[in-house]
Every structure is written in C-alpha cells, then in structure tokens.
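Some features that Swiss-Prot has for this protein:
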REGION    2-223  region 'Mediates interaction with SART3'
MOD_RES   Ala2  N-acetylalanine
DOMAIN    7-118  domain 'DUSP'
MOD_RES   Thr226  phosphothreonine
DOMAIN    260-904  domain 'USP'
ACT_SITE  Cys269  active site, nucleophile
MOD_RES   Thr573  phosphothreonine
REGION    598-666  region 'Disordered'
COMPBIAS  627-644  compositional bias 'Acidic residues'
ACT_SITE  His862  active site, proton acceptor
REGION    923-952  region 'Disordered'
COMPBIAS  931-945  compositional bias 'Acidic residues'
MOD_RES   Ser932  phosphoserine
MOD_RES   Ser936  phosphoserine
Amino acid sequence: MAEGGAADLDIQRSDIATLLKTSLRKGDTWYLVDSRWFKQWKKYVGFDSWDKYQMGDQNVYPGPIDNSGLLRDGDAQSLKEHLIDELDYILLPTEGWNKLVSWYTLMEGQEPIARKVVEQGMFVKHCKVEVYLTELKLCENGNMNNVVTRRFSKADTIDTIEKEIRKIFNIPDEKETRLWNKYMSNTFEPLNKPDSTIQDAGLYQGQVLVIEQKNEDGTWPRGPSTPNVKNSNYCLPSYTAYKNYDYSEPGRNNEQPGLCGLSNLGNTCFMNSAFQCLSNTPPLTEYFLNDKYQEELNFDNPLGMRGEIAKSYAELIKQMWSGKYSYVTPRAFKTQVGRFAPQFSGYQQQDCQELLAFLLDGLHEDLNRIRKKPYIQLKDADGRPDKVVAEEAWENHLKRNDSIIVDIFHGLFKSTLVCPECAKISVTFDPFCYLTLPLPMKKERTLEVYLVRMDPLTKPMQYKVVVPKIGNILDLCTALSLLSGVPADKMIVTDIYNHRFHRIFAMDENLSSIMERDDIYVFEININRTEDTEHVIIPVCLREKFRHSSYTHHTGSSLFGQPFLMAVPRNNTEDKLYNLLLVRMCRYVKISTDTEDTEGSLHCCKDQNINGNGPNGIHEEGSPSEMETDEPDDESSQDQELPSENENSQSEDSVGGDNDSENGLCTEETCRGQLTGHKKRLFTFQFNNLGNTDINYIKDDTRHIRFDDRQLRLDERSFLALDWDPDLKKRYFDENAAEDFEKHESVEYKPPKKPFVKLKDCIELFTTKEKLGAEDPWYCPNCKEHQQATKKLDLWSLPPVLVVHLKRFSYSRYMRDKLDTLVDFPINDLDMSEFLINPNAGPCRYNLIAVSNHYGGMGGGHYTAFAKNKDDGKWYYFDDSSVSTASEDQIVSKAAYVLFYQRQDTFSGTGFFPLDRETKGASAATGIPLESDEDSNDNDNDIENENCMHTN
C-alpha cells in the first residue's frame, strides 16, 4: 500500500508520467492496466493539473491493481475481445508496472498481463505492443486427442515453442524430437527452422502443432521429410504438394471455377469475405487470369509494394478459379498483407471494408502504369463550368493514377463548400474508389440500470430502459419514471465502480458518456433539490478499517459494499445522523442474536417510520431550532472522524426494547421499534469534500452537526465514509443481502424489428448538405480563417463497378455501436440516373454481383459473402471454406455491409467491360459512353441513355 505524504505522490506522478512517454523497442515487455483503475489512481495522485482536489485522500485510494474488467470470466490471462488502447486499458513499460505493483500490489488471484513489443511493417518498420497473443494447440504425435492450449507472441521462435511443448509433455532432454504444423485432418508441415518466429512461419490463431519423438531404432513415426519444396519456407512430405497454399482433396478436377472457399486462419473471415467479393468481380478476375497484370507490374513505385501484393493476389485468384480445389488456405496472402499493412498482421477481427480499401489501393499502386508521377497544382473552379472543371480534374488524376483499378472502380464526385461568413463558394471534383453511404442513425439505445428506492427494505430493481441515442440524463430518468412510477425529478443517476461513486451525473449531461460496461445506479430522493433548503444530499461509502501493525496507531481502510445517496437534514445531531444511516441500511445489517450481546440489538432511532414523510422514506424527529451550530475546530484533521459514542451514554432518541427478528436482518417492525443502543456503535463517520473536512460540530454531549451549503457539493469527490471495524463488519453486515437485487420485466425486453430503409435513402443522405463540425473546419481562402462551412457532395460520373459501403459501425470516445438497420437494395436495375448531376453521364443502370455480410455486433461477429459466379450466372454463399448455392431472396438482409454493383453495359463480350483503355479517360470524365456497332442500333440503350440525362 502506498503511504506517505504529498511528496511521495509527487514522485509517483512524476515517475509514471515520465515512463508513459517511453519509446517502444522491439523485444521489450509492457503491461496492461485497466483504465478504470488507472483513472482512480490519477485522482489519488493528482495526475492531472485540473483534478487535484482529492490528491492524497485515502477515500479515493485506488487499492490493489484490478484488471478483472479486461479478462474473460474464469481465465486469468485471456483478454476480452476488441479492447481498445486508452479506452479500456493503459500500457505501461516494465519499470512503470513494477513501481505501481510495489506501491499498490496486484489484486489477489490475478496475474500480470505482460505483452511483448514486436516489429511490424515491410519497408517502414514500426514497433507495436502485441496485446493479443497467438493461441496455439499443442499435442503429441502418438496422442492427438490430448490437446493443450498455450499463447505465444508472434516474436517467439519455433525453438521456444518446441521447448514449451517438451516441458508440457515431460519429454526427456536426450530424446530427439521434431515439430509439425498440422492442417486439416492429414496434412502435416515440418517446422524445421528453430530461429524463425511465429510471424515468419505464418502460424495462425488456433493452429495445431504436433511434436514427434524419434523411435528407438532411429526412424521417425511420420517417415522422412523432403526439404526441397519450391516456394515454401518449410517443407512437406514428398507425397504432398505445397506451393504457399494448402488444398482440400488435391487432384479433384470437377469443381466449378470460382466456387472455392477460403480457410479461416483465425479471425480472418473479414479477409475471406472481401476476397470473395473481389474474386467475383468479372473485369478484375479476367485481368489476372489472362496474366495482363504481369506486363503492368510496377516494381519502382514508392507508394506501392514492389508488386508483391499484386503477385500474391494473382496466385490466389488462379488457384480459386482453377476448378481443382473446393477450398484453399490463403496463408501466404495473409502474410503478405500483414507485411505491408501491419494492422492486419495479427489475428484479431478486422473491418472487411478497411481491408478492401487497402487491397484496392495496394493493387492500384502495384499496377500503376504511371512510372513517374508529375507534380500537379490543384485548381479551384473559380466560376468555370462544371464540365470543364470535371474534365480537368479527371485528366490530372490520370496523369498520376492509371491502372486496372482506376479503369474499373474509380468515379468522380463534386464537392461544394460555402463559407458562412463571406459566402465564398469552393467547388472541386475528386475521384473516389467506393461510396461510403451513411445510414439513418439509430435514434434509440437500451441501457440497463438499477433503481434504489427510498424505502430501505426494498431491494434495488434492475430495469432496461429505452433512451434517445443522442440524449441526456434527464431522458434516462424520464424513461425510468414511466416504468417505475418514480418522478424523474426525484432521481439522481450515478456510475458505481469499485465500491465508490465513479460519477454523479447532472441532468443535462450527454448519455453518450455512459458506456455499455458501466454500472448505473439511480437513487430515489424525495426532496426538491432546488427548493428544499432544510436537507442536503450526501454520497455515503462503506469502509473497513484496519491497523498497519499491532504497535502503531496508524490505520488504513478499504472500501466494500455498495455506496448510496441519502438526503439528511441540514442541521442534525450525530446521534440522529447515525440512526438515519443505520435505518437506511437495515435491509442488510444483521440484528444481534448473540447471547453474549447483553446490551440488546442494534441502535436504531426512536419511532422511525419507514413509510414516513422524510426524504428517505423515514420520519425525522427533532426541530431545527434544537440543533445549534458552531465554528469549525481549528485542530480538525483533513479527514476528520466523528468519535464513537461513550460506552456509558445513550442516545437521547434511544430507549430499551427487544429484538424478535428471526432471520437476523432488520425488518420493518424492528426498524420502527424502540431499540436499545449498542455499547459500541457499528461504525464511525468521516466526511470528505474535495479533500476538506466539511462537518462542523460541537464536541459536547449534544454533538450538533451543520452541513454548510457554501462547502457541501453533490459530487463523487464529496462523501461520507462509514468506517467499520472488521469484527463488527463480519458480525453484523450481510454482504450477500447488500448485493441482492430484483429484476423488472423490462429486462427481458427485446427491441421491435426496425423498419427498413431503401438504398436510395442512403444515397440521398450522402448527397444532403451538411454543416462541418467544430473539430473539422474548412480553411476559407477569403477569410483566411477556419470556418464551419456547409458541404455538399454530388455524383458526377460512376465507374463500371460501383462499390457501396454501408456505414454500419460508429465510434465515439465513450461508445462503439453497430447499426443493424435493414437496407433494401435492388439486385437488378439499380438506376443511379437521378443522383448524377452530369447531364452526359451515360449508362447508369447496375446489377448486383457481390455482397459482404457482417453478422453480430461491435464486440465480435462473423463475415460471409454472397457472390454471382461470372461463368454460370448463379448466386453462391461463401462462408470461409464452405461454398453453397444461394437464392436471390436470401441476399437482402440487415447483415449486408459492402455491395458490389456492375454496370449493365459492361457485361457483354468476355466479361471484361467493353471500354477501350486509351479512351477511358475522356469517357469517365465526360460521362459519354463509347458506342459499338451493336450498341448504336440498340433502342433499349438509347432509351437508357436518355433516361440518364439530367433534367431540371
């Protein structure tokens, strides 16, 4: 436990602040600390200059480091999925962790969460703490049913793994062994490079490793291996073909080309889904299958990947479209992606659309036909016609970017910004590779809260309330009032963490500050907080006192139980305040049944009416005129204790009585009764308000108390602590009863199915004028200042393949959420003409060819894909290694995340769009389609082109 004065806390604050700035170095060890514990520590040491009110205050002492909030239940080392740095945890270097542990210790039963710093990136190296380890399954060759799971860092070597396996299975040091990587049911790959790391070897989450012991006669149970397999860092037995991908049922030749699944390497369904959508984009796949990419590989582009991504992509596409395999394992492709985009190098679930964006950009730069990009000065429209500015913007784009990706996926939109001060209009035309469409925001969210009633005998009740997504605390209280009948203005909303009030909310605070994992308690207080001048509301916490040693008078304390809010008379006596507190806790404070307790039962106040008219449901005795006040004691300490009652004295409100409680807990009758006083009170008081003592009383027999409104604040940093002696706590405090609660029927509430929105609604929302946020202003060249301008996006020209990203995921400082709105999108004949402002836009009808689906929420989920095979024209469902037929009525669902549309005029011929590359630039910029002899006589196309004309 940390002790000492402010100087010691200054050292703590300074040391940790310095160590938090430590640079990451490959191989170093860092430690995770739960952010909620760390925030409490920051309060205690006055870490932030604006929050030093409680510095050194034992009432906010953080206690032992508690990382339980980061861990899965029942697992001392397995982290919850999708934890976010700084939001959920803080990273500390070894020295910083050791200091914190020496000052505060670690919660009993917990282990340090240590993680290595690994190096990532192919050309630009950078270090990163590997928060999530790779879980491997280990077994012996002779007994593969006995599987042991262990977690390793990507920086760990094969030798490290083998030593761990030998240790697990008690293999003697003199016994010769070798290690195998087991795929599927009967495919094995020897891991014979002991210095290679897990990352180098391409081992993935859930991979099975088999250790094999040499026979006594010098032979190996699995036979000899052949270390000469081409294109592999590791070798396979000679009977197994291996070229970067592992196949199911080698030699099978009756598969429909393209109907090839992708094995899940461990949370890689996002990659599989994205790849299946691209694989079933006919123009792109034909380009790679016909080897056109080889003549356009750009090895010198500083923005590219030296052609590695394009070559790896091509190899995988060829395997999937060979018709030989029902599925392949894209291990080499995953490794290449991780080398150039370290964010995808691990085995955490990632965003499919983010990977698509990387792949499209990476393929573009690897295949960019421009070998030397010229510098181009961007120009504003300055009143010029849109057609002129659009053509100029597209030509400039092609001078630096010209690839198959541009040919297929790039379009042009118009951006208009208007300054609110000087009315300056800025018009630019910018290329896009995909459209990210906003969804109508979910207007509501559900929160689980606990309502604590005034009646002390009533258990807290858990409710599920529906509140506005963009609302405030008053909205929560209003919703809870409808369910409970408690007026909203009689509620106070709090966040309880680690036996203390983490936050006490004001009614106008935003609900976005409440996170999903917060424990929200709402207290009923029967006073008008703005008009009642006779009462004050105080937060009350429970503490267990203890001595540091038998020969010292220095004491410490630790919090326990649930804190509560309580309204008490502003002028009071110590006796009456004690009685009010005791009655407030009577549901879980035991009545003495010991025969040795000759003085009787607990000390409760006389004639206290549980259902009375007091602010806590308790009738209050005494006139304010009886309660005198006095100036504060100059000798009072910062955290002043109200002394225990003299053993020979008795409260003026206490008279003798009997206790007939059968279950050992206070009942309504016993609380109402006239109970005798204890020889010794169960607890004493300590009040703290922003580090100052705010209870003033006279040290005489009456012990009058006055709460000063100039000093008292309803704040999580101001509270009354009830200090319990350990023996009395153990004897009289029922912790199980204190934690008990009931569930309201609303907890079982399931939100009704939401009405669907049309894809066109999302496009309209995309093109709606909006005001820029204060955090994202526009620099006005006229005003020479950043302004919150209005911005409007319009579509000018569309590409042959239109990728539509439905923005389902939203992120904020306090919350992560997924919109599960059903978007109704057409499978055939998506007509985009009404959204194109270019009067010569050309063909603009699309058919759906692929969909990436995401099932689940922010905390996890699974990606799959629907795609239309370019050869047989049928729909299929791709779920990792599984491929099955699908019907069109399955495709539109609330799981749809990324849509791939192909323009109808590009389906003719070989499947590659009938646009000549040399003239593609002018066509895309102007929107005028190139006509073939066939098209020029096609009345349907004439009608379609006419329909695409902009009309006003």
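A Cβ is built for glycine as well, from the same backbone N, Cα and C atoms used for every other residue.
Features recorded in Swiss-Prot, as mapped to the structure shown.
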residue	record	Cβ within 10 Å
Cys269	active site, nucleophile	25
Thr573	phosphothreonine	22
His862	active site, proton acceptor	17
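Counting residues per DSSP class in helix, strand and coil order gives 41 helix, 21 strand, 50 coil for the domain 'DUSP' (7-118). Straight-line distance linking the Cα atoms of Thr573 (phosphothreonine) and Cys269 (active site, nucleophile), rounded to a whole number, equals 66 Å.
In the three-state DSSP reading, the residue listed as 'active site, proton acceptor' counts as strand.
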